[in-house]
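Engineer: OK, TrEMBL features for this one:
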ACT_SITE  D426  active site, 4-aspartylphosphate intermediate
BINDING   D426, T428, D876, D880  Mg(2+) binding site
BINDING   D426, K427, T428, E568, F615, K638, R667, T748, G749, D750, R850, K856, N879, D880  ATP binding site
DOMAIN    44-111  domain 'P-type ATPase N-terminal'
DOMAIN    902-1152  domain 'P-type ATPase C-terminal'
TRANSMEM  86-104  transmembrane segment
TRANSMEM  306-328  transmembrane segment
TRANSMEM  357-378  transmembrane segment
TRANSMEM  930-951  transmembrane segment
TRANSMEM  966-986  transmembrane segment
TRANSMEM  1013-1033  transmembrane segment
TRANSMEM  1053-1075  transmembrane segment
TRANSMEM  1084-1103  transmembrane segment
TRANSMEM  1123-1142  transmembrane segment
Amino acid sequence: MARQGRRRDRLQWSKLYSFACVRPTVLDDEQPSSFVGPGYSRIVHCNQPQLHRKKPLKYTSNYITTTKYNIITFLPKALFEQFRRVANVYFLLAAVLSLTPVSPFTPVSMIAPLAFVVGLSMAKEALEDWRRFMQDLKVNSREVSVHRAEGQFSYKQWQNIRVGDVVKVEKDQFFPADLLLLSSSYEDGICYVETMNLDGETNLKVKRSLEVTLALDDDQTFRDFTAIIRCEDPNPSLYTFVGNIDFEQQLHSLEPNQILLRDSKLRNTTYVYGVAIFTGHDSKVMQNATKSPSKRSRIEKKMDQIIYFLFTVLVLISVISSIGFAVITKYKMPDWWYLRPDKGTSLYDPKRAALSGLFHLITALILYGYLIPISLYVSIEVVKVLQATFINGDVLMYDEDTGNHAQARTSNLNEELGQVDTVLSDKTGTLTCNQMNFLKCSIAGVSYGVLSSEVEIAAAKQMESEATGTPRPQSGTHDIWRDDAYIHGSPATDLIHEKKFTIDNPRKPPIKGFSFEDERLMHGNWAKEPTADTILLFFRILALCHTAIPEPNEETDGFTYEAESPDEVAFLVAAREFGFEFCKRTQSSVFIREKYSPSEDSIERELKILNLLEFNSKRKRMSVIVRDEIGKIFLFCKGADRLAKNGRLYESETSKHLTEYGEAGLRTLALAYKVLDQSEYSAWNAEFLKAKTTIGSDREALVERISDLMERDLILVGATAVEDKLQKGVPQCIDKLAQAGIKIWVLTGDKIETAVNIGFACSLLRQGMKQIYLSTVNNDMLVQDANKAAKENLSMQIANASRMVMLEKDPYEAFALIIDGKTLTYALEDDMKNNFLNLAVNCASVLCCRVSPRQKALVTRLVKEGTGKVTLAIGDGANDVGMIQEADIGVGISGVEGMQAVMASDFSISQFRFLERLLVVHGHWCYKRIALMICYFFYKNIAFGLTIFYFEAYTGFSGQSVYDNWYMLLFNVVLTSLPVITLGAFEQDVSSDVCLQFPALYQQGPKNLFFDWYRIIGWMFNGLYTSIAIYFLNIGMLYHQAFRAGGQTADMAVVGTTMFTCIIWVVNVQIALIMSHFTWIQHLFVWGSVATWYLFLVAYGASSQTISENSYQILSEAIGPAPMFWIATVIVTCACNIPYLVHISFQRMFNPLDHHVIQEIKYYKKDVEDQRMWKREKNKARQKTKIGFTARVDAKIRHLRGRLNKRVLSTSPKTVQEQII
């Protein structure tokens, strides 16, 4: 009933489904019991939010936060994060000890670097969390209309909504909290809701209010509205709700169908009224969210282990130094009269040598601290920020449609991108656009549609290239879907032409959802076909068998369709293009405009909808029963598989076409019909209505059985074949990731059938792949017994499937594991999850369907912890936040709906296809850069730090450093920092194009070839050798002879400066040998660092003697004129770097890594001169995989070759007979 002129939409959904006409409003005989006990204690006073401002009814506010810190917790939590790094703990202790007299350095020189390192890292954390806070502020500040008082509504921010508030949500707005639907703009109280942010599905869901609240259809009706809701406590289950409402002194049961969940969206409905039940973090979507975790990369964790090892070495040599100092103090110091041992302090007292040794231990711990590089963390932070900047600025990951770049939202995990073992992906909005294209069909045993699918085109092109010897273009530089070519001239391609493939470039379809081309059916030509009557039935089934609603489109003067699945839309668009346009739906009828030829006017026909039998995963069919204009009753069915004896006329040919369509990667459905007489229908309908109005747990089973009785003895008409409209580049991306050795799991809220079809479309599944379905059986036992039986049954299924996988001998055989959310609940329990995981990792692909957001997160945790390898989760909706945060790396797609996934992610991209470049290129580079950088950092600090220890041992463990304080301060901060930053930021073993052409290079990351203990220890030994060579070669050359022309020997300042000069040269030449990719930046910083050292010596020596002390004019007067200084520099530099040069030469010659081979090929330009070798190497660099487009094409080729061989064998005897004749 409309009030004050307000329009009410008149379409009543309940009357569309004629079987839904009975809807209980009040449970008279069986009043719902009051909910008591834990889990069912929530009481909501509708339209009285003031009652929820104090306990015990005070519930959480609607304010939400996804940040890691707040003003109070930032300082303690951020400091805790920084001092989780063991090196920072060491330097904190060293800074405290620097305040004591035992320190060999000034306090400022120890405290300032630590404060700089920690402060910079904390500032970076604060900036990243500030961005999360601003996004939360944006969501909390959204406004919605809320009832104030006296029937007056006004806008209020989301964060101010309280439990009990009556909210008015308008079309295309998000629901601000979990609401109980009271009424809508439709008289029947229904509304359309899009739940993409919750379960990933873009098809609309129908929600319906209680009949008793339908009168609350206007603002003024809420003036005196009150009610009490008793319901379940906050929980994460999206698909269940238990409660009741006490309204007008009557108790009514509530169901999930009346609940509007936060972050879902109102569509195709002018407005709805609802009352807030769960707000803020009590809402179901937030209950499914997890706290923002603090993620650390595996390399960083291993780096802590290295620092533990170096700290052990540090303590060991400090103890040696301490013992040595105590021994010398006790036994030799009394003889050194010039040290005045009779006036010794506790720091060096021969009478208390043990105490002196203990004090010296502290001195040694600080002195040898250069073994542990404090600037390592700062350098890594700088490098990671630069790497993130390069990722953000990559124009090849820029989406022109949205104007969005890729974004590294945190730089902590850059190197993890290069070590991913498993990708866990959402489906809707991530892999798909939810758009289908009608491509082919089979009618009356004849196949129509001349265009080819992407799978057919790629298979044909590869077979042609192999048959003619022309190298197949690689997907790294060439797109097989966009090539203009025809295939001809070989037996293989003759077979392809026999199949009527069209290999020319498939033009972009001018009509969305319709890519069909065949003049035999278009423009009314179908009427000329010999089976025109059957074709007419086929088109009518397309136009009638659905649940869609037409919406007038003013721009095109046509209609757009809102349907429960995207393939229904494709069928309706196809029917329209064939001349059968679905134009109107009323409460009991469907109207179609039929146009048999372009020259004729269309005829509008009305068909009465008698019943609609909905699709479900068990029947795998959908049917509609209609009465035409002359009173004839038809049943039209999609997904038919129960044919009458006289309905199998086209079965053989249609089955053949279905197989071909499936091999081509298309989604198929068989269409059938049967004619009903009135008496048969009336008898069945009475049984059907009786089943629909049954109350009890067996209701659904009864409805299904009665539906099944009707869907028998059908007459086959034909079949449809639609191509999934995936996001651009998804099959190529999945193919490249598979070739790189990355496993891919799909976790979706969609039903199994949709997920499987998408799996086929993006080549995670293919024809011939054995599919393992894990499911639970419903039984009528008690809950406890039923759960036990279900677990035992599932355990048996997993055991049998694992046995089947292990016993498989065919190397080409592949298995796909498919499981639904209910079964997954049992599979994730502690006593079963390991067996489930073992089965899953042995399958080529895994699809988890109908899973909740929490289950997504639990599966991600299982894979991460169970395999111990790096996992990456990617999604675009709020339902993906849990798994994004749980995975080692979370990637959010900045899609059209919401930014929750992006805000919770570590990296964001605009489309799934950019994941290929993010991992295979940037991930590979970042991993190698960080790994080499850290190894080099430890190498140079070991080489430098151990020379101090050798000098200590040489000088009686005096605690005196051989190097000037300024030298030591500048070593890590200035003189060796910039070259190592260029190594971490700019190093490339191969170019980006080569990374994509040789995806197997990516496996260097997951195998951890560049940061395993073998390589780490190798670099440590290199540093040990370098320290020995530097120290002893310099001492050997400078100790026994005059250093200057005047006969003066080298003093400590000269020895220290000469050794330090050698160190600067050695470590910079070493980093130059490591680098594979040089630009002017590397040259500037590497050789500029060496030049800076000499400039510093000039400036430092020229300063006043109070500053330079023993280094006054040291370069110009002391070491510069001495030939021995320059000779020592050259000899030591060569002696230290020649072993590494020999090692790398030997490795490249006798045991080269993949990138070594590619570098040499590129250097000698063999990729241009010898294409055959280049192609061979690229084929080697492809991981053997059973999923992806390449694997699918290979399977198609094996199939075609098998047919070709059979043809050759069948024709060879005739050829022999002809030769004899």
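The backbone N, Cα and C atoms fix where each Cβ goes, glycine too.
Could you place these features in context, so I can see how deep they sit and what lies close by?
Structural biologist: Cβ neighbour count for D426 (active site, 4-aspartylphosphate intermediate): 29 (other Cβ atoms within 10 Å of its Cβ, all protein chains included).
The average pLDDT computed for the domain 'P-type ATPase C-terminal' (902-1152) is 87.
Among residues of the same chain six or more beyond the transmembrane segment (306-328), those with a C-beta under 8 A of the stretch's C-beta atoms are 86-87, 90, 353-354, 356-358, 360-361, 364-365, 368-369, 371-372, 934, 938, 942, 949, 952-953, 956-959, 1016.
When Cβ-Cβ distances below 8 Å are used as the criterion, the transmembrane segment (357-378) is approached by residues 85, 87-88, 90-91, 94, 97-98, 100, 102-105, 110, 113-114, 116-117, 120-121, 303, 307, 310-311, 313-315, 317-319, 321-323, 325-326, 329, 346-347, 934, 937-938, 941-942, 944-946, 948-949, 952, 957, 959, 961, 968, 971-973, 977 of the same chain, each at least six residues removed from its ends.
Note on the transmembrane segment (930-951): residues 299, 303, 306, 310, 317, 321, 367-373, 376, 379-380, 383-384, 414-415, 961-963, 971-972, 976, 980, 983-984, 987, 1010-1011, 1015-1016, 1019-1020, 1022-1024, 1026-1028, 1030-1032, 1059, 1063, 1066-1067, 1070-1071, 1074, 1136 of its chain, located 6 or more positions outside it, place their CB under 8 angstroms from a CB of the stretch.
If one looks beyond the transmembrane segment (966-986) by at least 6 residues along the same chain, the residues whose Cβ comes under 8 Å of a Cβ in the stretch are 105, 109, 113, 370, 373-375, 379-380, 382-383, 386-387, 390, 929-930, 932-933, 936-937, 940-941, 944, 1056-1057, 1060, 1063-1064, 1067-1068, 1071, 1074-1075, 1077, 1079, 1081-1082, 1085-1086, 1088-1089, 1092-1093, 1096, 1100, 1111.
Panel annotation: around the transmembrane segment (1013-1033), residues 306, 931, 935-936, 938-947, 950-951, 1059, 1062-1063, 1066, 1070, 1128, 1131-1132, 1135-1136, 1139-1140 of the same chain, lying at least six beyond its termini, place a Cβ under 8 Å from a Cβ of the stretch.
Note on the transmembrane segment (1053-1075): residues 932, 936, 939-940, 943-944, 947, 961-964, 967, 971, 975-976, 979-980, 983, 987, 1026, 1030-1031, 1033-1035, 1038, 1043, 1082, 1086-1087, 1089-1090, 1093, 1097, 1110-1111, 1114-1115, 1118-1119, 1125, 1128-1129, 1132-1133, 1136-1137, 1140-1141, 1144 of its chain, located 6 or more positions outside it, place their CB under 8 angstroms from a CB of the stretch.
Proximity of distant same-chain residues to the transmembrane segment (1084-1103), defined by a Cβ-Cβ separation under 8 Å and at least 6 residues beyond the stretch ends, is recorded for 966, 970, 974-976, 978-979, 981-982, 1057, 1061, 1064-1065, 1068, 1071-1072, 1111-1117.
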Engineer: Can you give me the Cα-Cα distance between F615 (ATP binding site) and D880 (Mg(2+) binding site) in Å, rounded to a whole number?
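Structural biologist: Between the alpha carbons of F615 (ATP binding site) and D880 (Mg(2+) binding site) there are 27 Å.
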Engineer: Within 10 Å of D876 (Mg(2+) binding site) (Cα-Cα), which of the recorded positions D426, G749, R850?
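Structural biologist: Within 10 Å of D876 (Mg(2+) binding site): D426.
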Engineer: Taking the Cβ of N879 (ATP binding site) as the centre, count every other Cβ atom within 10 Å, in any protein chain shown.
Structural biologist: 32
Engineer: So how many of the residues in the domain 'P-type ATPase N-terminal' (44-111) end up helix, strand or coil by DSSP?
Structural biologist: 30 helix, 3 strand, 35 coil
Engineer: Can you tell me how far the Cα of R667 (ATP binding site) sits from the Cα of D426 (active site, 4-aspartylphosphate intermediate), in Å?
Structural biologist: 20
Engineer: Nearest to D880 (Mg(2+) binding site) by Cα distance: which of the recorded positions D426, G749, R850 is it?
Structural biologist: D426
Engineer: What count of other C-beta atoms do you get within 10 angstroms of the C-beta of R850 (ATP binding site), across all chains shown?
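Structural biologist: A 10 Å sphere around the Cβ of R850 (ATP binding site) contains 20 other Cβ atoms.
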Engineer: What is the total of other Cβ atoms whose distance to the Cβ of R667 (ATP binding site) is within 10 Å?
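Structural biologist: Around R667 (ATP binding site), other Cβ atoms within 10 Å: 22.
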Engineer: What is the interatomic distance between the Cα atoms of R850 (ATP binding site) and D426 (active site, 4-aspartylphosphate intermediate), given in whole Å?
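Structural biologist: Given the Cα positions, R850 (ATP binding site) is 11 Å from D426 (active site, 4-aspartylphosphate intermediate).
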Engineer: Sorry to bug you, but what's the C-alpha spacing from D426 (active site, 4-aspartylphosphate intermediate) to N879 (ATP binding site), rounded to the closest Å?
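Structural biologist: Cα-Cα distance, N879 (ATP binding site) to D426 (active site, 4-aspartylphosphate intermediate): 9 Å.
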